[in-house]
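Visitor: Below is a structure I'd like to ask you about.
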């Protein structure tokens, strides 16, 4: 009861002598410190808004401009060419200031206007410079004079004595351009040529031609109008129609996962791993809130990438609706939500205005682990509502969670910084079956038991009984590179900066009288719901396999002057062809964050050139022909990737044209057929963005497995891969048991090809190197 009394700031009773007021000074002190912390954050936001609002200049540059103007006037010269005098005549202060004071004030006003004009000019020039992307297509060592001038001009505009904040470049990023409809259709027809026979290709060409001549130009005009008005003509529709309007389960179909270190588990103490992981995540949130993170850049360059996705990383939940879901984001929260053995808890992470130490968080987590209380009726499998279809969840939420104790408890989960599951299983590469255990580890992170995760949260952390961890991320608010950046920081901070004691516990001391984790209360009339059955059937159908490839990696591939990404993508084409005897529509995710609010674009990796190489290799053609075809396929793939990054992709443009057609109430047979084509091979590379955080030379075991996702098509594959270090490539392959072709035929063969194809294609890369 002592904790309950301390949680109340004051109590009062009415007596014959009057009102007896009892104050709890400890509680009032907590209120005061929380208010101080809130005001500090507000001041920080205002300061950051000023700094990034004048970037690439700095606030102190105003003083330099003002002093320069006043010094020039002191030398009896008018740098304003009469503007200062005109400003002086219009100032309503003729009677209250002396003539000298009026002149000085007018000069300061002119200096401020000049300073603002220079900032706008700098930002406009920087935006123009960042709109130039031809540098990406030029060969190494053959840079044009125009690009050289561009580099000098770009560096001049981006020079600032102050380091840029996280969002400093946002207003200087260009808008995503709308490609010419003729170019998009031409690129589309080229992308489907290896998938169609002559008659099918002729029919598709006629559909595309008819679309361009008639409906296409009309839709294009509406799309260009949107591009002039909106910050990004794709992102809002992509988020709405691809993610939020989906009525099926987001578990497996949309959410994805990230894994722990492959070989190392920093501690086997579950509560300690949770304490350090929570601390690292909250330190990252502090950096996001203060905008102290370095802006992401194109690797190897100073070109900034859009950081808008970071805004909704924490305190964000996808709430269900009957027609469409809604992303809700709260400014801040001082607690996280925790699930353990069917019970939900609120865990406060701040104490007296400060972030709790890892040791204190470990102590709090251990309290939850030691709590013997059973779940309340309907509580244990409540999370299954977020795993099933969205409409039943929206209806149940409206009926049972719109008021009372259920709403208060649900608010805690949805407003929490993030969600944590203390899993009672052990996972990782361990035991007598390390490969099988890695597969089970992947499945556990992808869907768990279908009710022990909260799939609506922006991301959920899973801490296993043996200290292994991982995360499950919701996809609508951001793409994988943003979450991967967070996870890289978390793993590195946990292992290399926070660390553990010799017995595996968190470092630091525990303050006495910490508030205990608060058990959430529920009044749930339903013991079972259809959502769990739907989710369980989906989870049981998913098959996951991890291929840990160590024969060689990007080190050898780059020595052969081949793009590692192109190498993997062509290998995947060969793998698929060997098992099916045909090619399929292949999706590779590429970013468009060179543009403001950019998200992703599709690289159609199955090309005429890659198909020609695969057929030549399978038909046993001579090595010289295979070397030439592989080189051409690799160059084509890299060119497609660059085009997707620079706004000249295919699929987002066609998708937006389709949305416009639906708003206009017109049907297009061409667009309908294009958007109904199945992606039987959906691929994505997990980039390593913060290499400086991991010293793989001195700590080679601290490598991450990356992450993965479920298959997009029922008869297809989801393939995620991470190129780690110089000699490792990890693949995450997913498919469905319900498809006989992927389970009995293609899955083992694909794994075999992924493990063996690089050695076989290495022969051709070696020859290619010699020819170069």
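Each residue, glycine too, has its Cβ placed from N, Cα and C.
Automated prediction, rather than curation, is the source of TrEMBL annotations.
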Visitor: Out of 81-103, 104-126, 127-149, let me know the one TrEMBL marks transmembrane segment.
Guide: 104-126
Visitor: Can you count the other CB atoms that lie within 10 A of the CB of residue 475 (active site, proton acceptor)?
Guide: 20
Visitor: Express the predicted model's confidence over the domain 'Carnitine O-palmitoyltransferase N-terminal' (1-47) as a mean pLDDT, rounded to an integer.
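Guide: The average pLDDT of the model in the domain 'Carnitine O-palmitoyltransferase N-terminal' (1-47) works out to 59.
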